[in-house]
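Notes follow once the structure below has been shown.
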Amino acid sequence: MIHLSNFKHEFLNKLQNCQRSISRALALPAACLLCGQLSRHGLCPACHADLPHLPHALCPRCALPTPDGGLCGACLQAPPAFDASFAALRYAGIAEHLIPAAKFGGRWHVLPLLAQVLLHRLPVTPEVDAIVPLPLHPARLRERGYNQATEIATPLARAFRLPLRHDLLQRHKNTEHQARLTQAARHGNVRGAFTATPAARGLRIALVDDVMTSGASLDAAARALKRAGAAHVEAWVLARTL
């Protein structure tokens, strides 16, 4: 018997793929997403050079800059549920313009482009078994029409030839937007928001999202996966708020 929630999830994914196919079919000639100059790659060389890249010396647990690339003080005192983090950009400047436009303004086509920037900050051969986009609640997915994390995760899964698993993690609590909350309120907002399936047992998983600020959503998702028996959970994000 097919569980109703799983059926709805599969239906929404198919609808999302259909919407993307129609959008691509109607796409205008490629232009820089920022300045409008013609560009085959979505960003012209000048705008690409202006991306706020993170330094390479980052805390391996939460991706905050550290002097020597060692663990930061916060992770030494209270480590998150995820075991490692990778991020490409500071959430500032151009990134602070592009990511909200992609997430809330319907410009999802920028996300695969930014995923290529993240790809170059990831290990050549990641030690994970599956890639899991951080899920939206079904009501939020219907409202937005796409999941920004899926748009980032799809080209990464293709590049690494890893399975993209939508079945391992569900979001059953329709939480308030994290961006509207204080740092202290974010963890409470997403506490208990995710449920992982037994299929996660023993797997090494990469959780993908657009931005890590407090890390609360990724922490809650990683906790759910660990409770289901996941052996290792990493966070892969486009940008990190400093």
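Residue 1 is the first one shown; counting continues down the chain.
Each residue, glycine too, has its Cβ placed from N, Cα and C.
The residues of the domain 'Double zinc ribbon' (26-76), classed with DSSP into helix (H, G, I), strand (E, B) and coil, number 9 helix, 5 strand, 37 coil. Residues annotated as domain 'Double zinc ribbon' in TrEMBL: 26-76.
Computed over the domain 'Phosphoribosyltransferase' (151-240), the whole-number mean pLDDT of the model equals 92. Summarising the annotation, TrEMBL assigns domain 'Phosphoribosyltransferase' to 151-240.
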Three-state composition of the domain 'Phosphoribosyltransferase' (151-240), taking helix and strand from DSSP: 36 helix, 25 strand, 29 coil
